[in-house]
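> So TrEMBL says this about it:
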type: SITE; residues: Arg21; note: site 'Transition state stabilizer'
type: SITE; residues: Lys28; note: site 'Transition state stabilizer'
type: SITE; residues: Arg158; note: site 'Positions MEP for the nucleophilic attack'
type: SITE; residues: Lys210; note: site 'Positions MEP for the nucleophilic attack'
Amino acid sequence: MTSHRSGRVVALIPAAGMGTRLGLPIPKAFVKLGERTLLQRSVSAALSSGVVDQVVVIVPADLAEQITAEYRSRPDVTVTVGGAERSDSVRAGLAAAGTDTELVLVHDAARALTPPALFAAVVAALDAGARAVIPGLPVADTLKRVDHAETVLDTPDRAELRAIGTPQGFDADLLRRAHADGGDATDDAGLVEALGVPVQVVPGDPLAFKITTPFDLRLAQLLLVDSVARVEDS
Ligand SMILES: Nc1ccn([C@@H]2O[C@H](COP(=O)(O)OP(=O)(O)OP(=O)(O)O)[C@@H](O)[C@H]2O)c(=O)n1
Ligand SMILES: C[C@](O)(CO)[C@H](O)COP(=O)(O)O
């Protein structure tokens, strides 16, 4: 049982994507980073945060039996099958979370180096009264909006922009309502925004970057080696 004020907290970990942009022959969440897969690292981060009671991992249909067997001895981990789009997978995870769930965190398996403290920070902001909380980082590059021909339309003021990651945290009933009509958005907060409910941004962590391309995987491997070296040096 966790020590926060809220009731039961469930982390949904969508891991049912194919990882097309990574270009490896197995689905991305099952690629190894060091000794453990991206999914195993994300599950560990959620459970070691001290704020998560239950993890629901959402996997491709053909891997469900294998991953269910892997977590058989873990009563705090449930495995379910995802869908064609990320939002379909999140909906499958929501259906598998108990009806007594008070808060839901949605966290990409692909953000395998996310520090456990980021889960705690999101739950702390929910405990402080927000109903939807997402981690965001300032944008370092100048951003341009372009048309279909890649002609620049305008340059948004980057001081007003944040790069948004996961874990994204929600009041469970609110997230169920946001997903009720089967909508699609690139993140869960987008569906909550569409309901007109305020979404609070808290400081993200650069280590929570999404491993999307071969470059990202290489970066994650180097960061992992660096963190092991620092522990060994101390
Ligand atoms: N139908 C889907 C699509 C994505 N995801 C998960 O959502 C997270 C974020 O998606 P992304 O990193 O874009 O993964 P993929 O969709 O696998 O990547 P790509 O678009 O390169 O295929 C990942 O952990 C991925 O496994 C999912 O559970 N179900
Ligand atoms: C949810 C997300 O990680 C927030 O940044 C992101 O939108 C998922 O991206 P995808 O490539 O569409 O899966």
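Keep in mind that glycine also has a Cβ here, set from the backbone N, Cα and C atoms.
Fair warning: this is a prediction, and the values are worked out from it, not measured in the lab.
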> Out of Arg21, Arg158, Lys210, give those recorded sites positioned within 10 angstroms of Lys28 (site 'Transition state stabilizer'), comparing C-alpha atoms, in sequence order.
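Of everything listed, what lies within 10 Å of Lys28 (site 'Transition state stabilizer') (Cα to Cα) is Arg21.
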> Just to be sure I understand the contacts, which recorded sites have a Cβ under 6 angstroms from any atom of ligand 2? Candidates are Arg21, Lys28, Arg158.
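Near ligand 2: none of them.
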> Can you check which residue among the recorded sites Arg21, Lys28, Arg158, Lys210 has the largest number of Cβ atoms within 10 Å of its own?
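Within the set of recorded sites, the most crowded position is Lys28.
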> Would you kindly give the Cα-Cα distance separating Lys210 (site 'Positions MEP for the nucleophilic attack') and Arg158 (site 'Positions MEP for the nucleophilic attack'), rounded to the nearest Å?
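Each residue's Cα considered, Arg158 (site 'Positions MEP for the nucleophilic attack') and Lys210 (site 'Positions MEP for the nucleophilic attack') end up 21 Å apart.
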